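What TrEMBL says about this one:
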TRANSMEM  21-41  transmembrane segment
TRANSMEM  73-96  transmembrane segment
TRANSMEM  105-126  transmembrane segment
TRANSMEM  132-155  transmembrane segment
TRANSMEM  162-182  transmembrane segment
TRANSMEM  188-209  transmembrane segment
TRANSMEM  346-366  transmembrane segment
TRANSMEM  372-391  transmembrane segment
Amino acid sequence: MDRNQRPRSLLDSLGEELIAILTPVSICMFTVVLLVCILNSDPSSSSASFSSIATAAYAESDSDSSWDKFVGAFLNSLVFVAAITVATFVLVLLFYLRCVKFLKFYMGFSAFIVLGNLGGEILVLLIDRFRFPIDCITFLILLVNFSVVGVFAVFMSKFSILITQGYLVWIGVLVAYFFTLLPEWTTWVLLVALALYDIAAVLLPVGPLRLLVEMAISRDEDIPALVYEARPVIRNDSRLVQRRVWRERRASQNDNNDIENTANRNEVGRVVRSIDVEEEHVGSSERAEISVPLIDRRPDQAENSETFLEGIGLGSSGAIKLGLGDFIFYSVLVGRAAMYDLMTVYACYLAIIAGLGITLMLLSVYQKALPALPVSIMLGVVFYFLARLLLEVFVAQCSSNLVMF
């Protein structure tokens, strides 16, 4: 009986975990590449006309030297990362002050602006590109309805999970496309800077994302953020018991130490055993609907399990959760590669997928939440420049051979 209830290892379910998260990531990247190929007929002109906080310190120009472009891109990255850091610490402060309703309202308003404003701009470009006949009033009504439904789908759990996932992917596509309009040097330096920031924010003891996660765990609350849940947990009473089982078990163990020599010791032991039995029952009865967690939770690891019940990047609370920022910057990388060559896009895509697989493996080894950007972004940047260099060498070699003939 124990052998039948033994949870599967990471290797048994790694393929299922990868497919669950790679499918939406691939859809997001493919859509951004498609938009870049359709709309960005002249990348240089679009980049020059696009301005944001990521270009606040330096406006790249074709006449500037490579060193000036690098220094300017570095300054732009510093400004952007500093703004993200300040905004995240403000989020931590508001969450500490229990301003959850305000945070949810702000997130909902931000999602509405992205869907309505950025989505409307892209739709207008697509309508103009394909000459689709539609009047302004109909377009406005459809856009407002689409945006409002998207806000409710993302921040209300009564919608179908497929609708919620679809809207999250679409939000990632919209933001990622506009990031591809940044100047080239700023884009690449910014991607590397964000990967380094992700490491610091998640792994350092004073990192803002780590503080936010630990605070949410201590309060047993959800973080008001845009997070893609690839394999959602069924939220019913039995599942809630499983989600809190480790915290309850720790409380029960503390009670056992306090009343070890009292007459209630046997009763507390029965409560602990009933929690164990209920957890095993939930795990076996729902195995057909819910895949096993990426990290095996054993009783002797109960003390450390609280640190990754809610993960940033790639976590485990019975489901894989990936921040929407990871979707965005993966797609920015392949979108920028699409401006050069489709073979480079393929190389960057394989690098990002390999990075996600490595991150999942590291998650199983260290058994705590890990940032999802660094490995994939570093591999993607390296593969981009290697593929671009090899293609340039190949084209130059072919040209020289043609000249000889």
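Every residue, even glycine, has its Cβ placed from backbone N, Cα and C.
Automatic prediction, not curation, is the source of TrEMBL annotations.
The listed stretches are 73-96, 105-126, 132-155, 372-391; of these, 73-96 has the most Cβ pairs under 8 Å to the transmembrane segment (188-209).
Between the transmembrane segment (346-366) and the transmembrane segment (132-155), the number of CB pairs under 8 angstroms, six or more residues apart, is fewer than three, so the stretches are not in contact. Outside the transmembrane segment (132-155) by six or more residues, the chain places 104, 107-108, 111-112, 115-116, 119-120, 123, 126, 163-164, 167-168, 170-171, 226 with a CB less than 8 A from a CB of the stretch. Taking pairs at least six residues apart, the transmembrane segment (105-126) and the transmembrane segment (372-391) share fewer than three Cβ pairs below 8 Å and do not count as touching.
Tertiary proximity for the transmembrane segment (162-182) is limited to same-chain residues at least six positions away from its ends with a CB under 8 Å from its CB atoms, namely 24, 27-28, 31-32, 35-36, 39-40, 46-47, 50, 52, 54-55, 111, 114-115, 118-119, 122, 150, 153-154, 190, 226, 228-229, 324, 327-332, 335-336, 339.
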